[in-house]
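Colleague: I have a structure I would like to understand better, so I am pasting it below and will then ask my questions one at a time.
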Number of protein chains: 2
Amino acid sequence: MPDFKPRIVQLIPAWQWLKDYSSGKFKSDLLASLIVIAMLVPQGMAYAMLAGLPPIMGLYASMLPMIMYAILGGSTTLSIGPVAIISMMTFATLNPLFEAGSPVYIEAAMLLALMVGIISVLLGMLRFGFLIQLISHPVIKSFIIASALLIALGQLKFLVDVPLNGNSIPEFALSVWQYLSLTHAASLVFGIASILFLIYFPKLLNSQSVRSKIGSTNFIIKAVPLILVIISIALTVGLDLKEIGIKTVGEIPSGFPPVRIPHWNWDLVLKLMPGAAMIAMISFVESLSIAQATALQQRSNLNSNQELIALGIANISAGLTSAFPVTGSLSRTVVNADAGAKTPMAGVLSSILIVVVTLFFTGFFKDLPLVILAATIIVSIWKLVDFKPFIDTWRYSKADGIAMWVTFLGVLFIDISTGLIIGIISTFILMLWRISRPHMAVIGLVEGTQHFRNIQRHHVVTAPEILSIRIDENLTFLNANALKGFLINEISQHPQLQHVILNCSSVSSIDYSALEMLEDINNELSKLHIRLHFSEVKGPVMDKLQQSKLLKHLSGEIYLTHYKAIQSLSPKVFEYQI
Amino acid sequence: MPDFKPRIVQLIPAWQWLKDYSSGKFKSDLLASLIVIAMLVPQGMAYAMLAGLPPIMGLYASMLPMIMYAILGGSTTLSIGPVAIISMMTFATLNPLFEAGSPVYIEAAMLLALMVGIISVLLGMLRFGFLIQLISHPVIKSFIIASALLIALGQLKFLVDVPLNGNSIPEFALSVWQYLSLTHAASLVFGIASILFLIYFPKLLNSQSVRSKIGSTNFIIKAVPLILVIISIALTVGLDLKEIGIKTVGEIPSGFPPVRIPHWNWDLVLKLMPGAAMIAMISFVESLSIAQATALQQRSNLNSNQELIALGIANISAGLTSAFPVTGSLSRTVVNADAGAKTPMAGVLSSILIVVVTLFFTGFFKDLPLVILAATIIVSIWKLVDFKPFIDTWRYSKADGIAMWVTFLGVLFIDISTGLIIGIISTFILMLWRISRPHMAVIGLVEGTQHFRNIQRHHVVTAPEILSIRIDENLTFLNANALKGFLINEISQHPQLQHVILNCSSVSSIDYSALEMLEDINNELSKLHIRLHFSEVKGPVMDKLQQSKLLKHLSGEIYLTHYKAIQSLSPKVFEYQI
């Protein structure tokens, strides 16, 4: 019988850590899971609301997906579940099609999670994980900042209790103009008080004076949103705030989530496809970067295609258990790691605790005011709104800076998906533009050395019969023409030319278009009795050139170093030096 | 008054050559134009027919566009006018919308030329010429070969005189099945005889025995299609071939082309847009590569954006003078240059001669059988059908080979535009795939030298506390993650690690995503007490890094050479060497 075990261990990383699991590890994992759960309950309900869904679905989204990732994923501490950006994207995808919260909307959210999962699993199995990394950091950052702004604006409707629309700045401005005068004062006061509590209570707990009295307050700080939830429920019930118009979560069904396959409607699937593809992309990017950071800290290995499959199966399980798209949460992962989680069992324990909550405590949440969840979202999301990245990026690279602004303005003024797409497209156009204008320099010999430098930057020696060109980019169809154009212009200015030497020290690949261009140049130069030479060609490039016609018909030579080329072609240059 | 002259000379290259024009040059140009015209008259009419248009439009397309390019273009000998591929693309764009040859079809062809012209001029003025070079050589070649096959198949309908459809292989096969039994025998005999004449008469003229009797036959060879035209008209009239069902060109209006702006219908413009964009792209690629070859031979300068504008204005003038999209013709340009054309005046003279033909000789062509034009197209296009490029490309580069086959099959089995588009897309996906998997190597010191080589390829010395990595690609958002993944895996295998040195000798640029990734790695490694160093960073890359946070927080050093890095970090390696 062949030994399948290594293969299984590779596919299911859980084998590895389950093998030597111990009661010591269990204690650490249980403690971490308790701390995570204190964050997860209010966050889960708030993010479900953000996605336009009943709060209970946020708890469903934290059950099976977390267990699936614990079995299949490569990161020890990654906490999978509802996340603000993904919830926002879910809302942006579904809201134009159905009324938020309606049964068809809920069905579509489940279908969306299933689609995100299938896309991820397929891409992972085809080893197309690289395709999903097409978004540059500046575009993602800008996308997240702009989305955070929209999320925060979108939550204002719960604070003022009038239907403000937050899908884009123009829409929002219009609805503020229409409705703001109808603001519900009691909700607004309650909301602002909650926001202040969420911001200043942790600061108070973190202050020297408090710490010196009651010791470490780290756990209590993580539980502040849960404390707010408990206080606000007590206030709502005690003072009968529903009487003065404070809206609450309402009845929440208790027990396990309904398990079933969402209705697969091809028309709807096609409509959801662009949204699903983008959610798959963003959720993978987010999840992978968190997993990589933790993998590096634990010096453990990580396979990105395997991660994609694990995340995909987590989303499929979300789609089958009445939940919505999920990904890795940065805040909960950090808390999980800090709290001492030793294995993915911490995630499994969190899921079990969430099940306990939905079995026994849902009745408790029915009097939770919606404005509290909105305040939780606003405070947690507002930290993401930061304009320093725009300045830093612009300073380092104009191209990245432009892509960033394009994304930002696109998200705010058109809509979240269009903004992301035009951001991605602009990155590619700018990258193609850069590749198509490779840096090329005419180089000459630095007197008294064997080094060659740009004749425009340095004082160097050249010979009128030799043209030395250094190409600082891989040669592809995108820049083959630029090189040819550069050569045509240089040759038109050097009437005495007999030799052209291309220094390829920075060329790591030459595609077929560039190869043909070099063959063309070689032929054309031959007719003018100018010989074409190469210097400092790298091993792998040389291996490929060996199989081509170029070397067979090359009018000149290939030199190991540029110095040797000049030495053999124009000893005169050395005379100048003496 | 400021001196505008240099600016004008730059914008209108004609200033340059008109300044020192002479009667000697005029004689050369006139002779060349006579030879070109002998080719152009039958080709022009044939390619108009190929585009589904009345033959006269092929002559119109050779008038004003040629003059406009002579004034604005940078190439001395480039011959602008109707070209087979562009005519085929015109047919493929218009045929699904209107009945070929109908008044609306003709109007749309003019509009298409106008649109191609406007697109080209805009891209040229915005210096977006690079965007139009997005098609790799293998894709273009495959596109041309597949289109040539379709063009040849499409002309068979004139040989057999039944309505065979040649838009794709499946469509063609279906119509052969339906109609082939209705073949018109006389047309077929006439057609095959013409094809044999066009293939073997030039060979006969070129043979030693004929040359030795009547001297150089080069000019007669170029005029063979014109000779066939004259003979076939004589035969048709003399033997009254129309009686037995041979179809002819019919009445051709004489005189100047009607000059007017085609009706600008926004609905139609939107429908034609994809076709117009692709025609603009292919016509520019074709024209530029011909112009570049001639520019190199004449050691003259060439600006690709200026060429794009010149080609655009040529197409606009085609749209305004009842013609259809045009570009540079390789065959006529070569003939023009070989015949001794000295300046673009040769092109101007060709246009004038074409005007003379349309003024006085159109009556002559009314009895020209259509099957002769079809034979001309088949013979001239069949030379393009060559499968060797598929083998050569595949051997050199699998990625380029795949893109080539995708294009080929797409053109033949879907349609010409879709084939080109999926070909272009496949090139990009394959390029992104390559960039996203940069070649990275762990390197070690070659004993007794200062050189570092891949530890998997060479016998080298390494130290357990140092990891040296060489990156053979520019760092961008597409491969930042791959480098991080590579590092994570390497670090997990080196428990004693204290130093990571990244050798950047092949890195010519680092975008902002990659910069952040390096910052991340630096931070994460610091926590593990591993220092990050760089070696052999290029000048321009260093200039940019100076402005970043990376250098400020870098745990390690930047070394000029990798050898110096190892020398200072691990003198032990040198002990091993002794």
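If you go along the chain as it appears here, the first residue is 1 and each next one adds 1.
Each Cβ is built from the backbone N, Cα and C atoms, and glycine gets one as well.
As listed in TrEMBL for this protein:
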| type | residues | note |
| --- | --- | --- |
| TRANSMEM | B:30-54 | transmembrane segment |
| TRANSMEM | B:66-92 | transmembrane segment |
| TRANSMEM | B:104-126 | transmembrane segment |
| TRANSMEM | B:138-156 | transmembrane segment |
| TRANSMEM | B:176-199 | transmembrane segment |
| TRANSMEM | B:219-239 | transmembrane segment |
| TRANSMEM | B:272-296 | transmembrane segment |
| TRANSMEM | B:308-331 | transmembrane segment |
| TRANSMEM | B:343-361 | transmembrane segment |
| TRANSMEM | B:368-385 | transmembrane segment |
| TRANSMEM | B:405-433 | transmembrane segment |
| DOMAIN | B:456-569 | domain 'STAS' |
Colleague: In the predicted model, what is the mean pLDDT computed over the domain 'STAS' (B:456-569)?
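Modeller: Reported value for the domain 'STAS' (B:456-569) is a mean pLDDT of 88.
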Colleague: Pull the DSSP breakdown for the domain 'STAS' (B:456-569) and write it out as helix, strand, coil residue counts.
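Modeller: DSSP composition of the domain 'STAS' (B:456-569): 51 helix, 21 strand, 42 coil.
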Colleague: Need a quick answer: max count of Cβ pairs under 8 Å to the transmembrane segment (B:308-331), which of B:66-92, B:176-199, B:219-239, B:272-296, B:368-385 is it?
Modeller: B:66-92
Colleague: Determine which recorded stretch among B:138-156, B:368-385, B:405-433 has the most C-beta pairs below 8 angstroms with the transmembrane segment (B:219-239).
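Modeller: Going through each listed stretch, the top one turns out to be B:368-385.
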Colleague: Taking residues 6+ outside the transmembrane segment (B:405-433), which of them lie with a CB under 8 Å of any CB in it?
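Modeller: Same-chain residues near the transmembrane segment (B:405-433) but 6 or more away: 88-89, 92-93, 134-136, 138-139, 142-143, 145-147, 149-150, 167-170, 274-275, 278, 282, 390, 399, 478.
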Colleague: Give residue numbers and ranges for long-range contacts of the transmembrane segment (B:343-361): same chain, 6 or more residues beyond its ends, CB-CB under 8 A.
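Modeller: Tertiary neighbours of the transmembrane segment (B:343-361) are 14, 17, 21, 25-26, 28-30, 32-34, 36-37, 40-41, 44, 56, 59-60, 62-64, 66-67, 69-71, 73, 75-80, 254-257, 336.
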Colleague: Mark yes when the transmembrane segment (B:176-199) and the transmembrane segment (B:104-126) have three or more Cβ pairs under 8 Å (sequence separation 6 or more) and no when they do not.
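Modeller: No; fewer than 3 Cβ pairs under 8 Å.
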Colleague: Within this structure, do the transmembrane segment (B:272-296) and the transmembrane segment (B:66-92) have 3 or more Cβ pairs under 8 angstroms, counting pairs 6 or more apart in sequence?
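Modeller: Counting Cβ pairs under 8 Å, at least 3, so yes.
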Colleague: Can you tell me which parts of the same chain pack against the transmembrane segment (B:30-54), counting only residues 6+ beyond its ends and a CB-CB cutoff under 8 A?
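Modeller: The answer is 61-62, 79, 81-84, 87-88, 90-91, 94-95, 100-101, 105-106, 109, 151, 154-155, 219, 222-223, 225-226, 228-229, 249, 252, 324, 329, 331-332, 335-336, 339-341, 346-347, 349-350, 353-354, 357, 365, 368, 370, 373-374, 376-377, 380.
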Colleague: The transmembrane segment (B:368-385): which same-chain residues, six or more beyond its ends, come within Cβ distance under 8 Å?
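Modeller: For the transmembrane segment (B:368-385), the nonlocal Cβ contacts are 42-43, 45-47, 49-50, 55, 84, 144-145, 148-149, 151-152, 155-156, 158-159, 161, 187, 190-191, 194-195, 198-199, 225, 228-229, 232-233, 236, 241, 246-249, 331.
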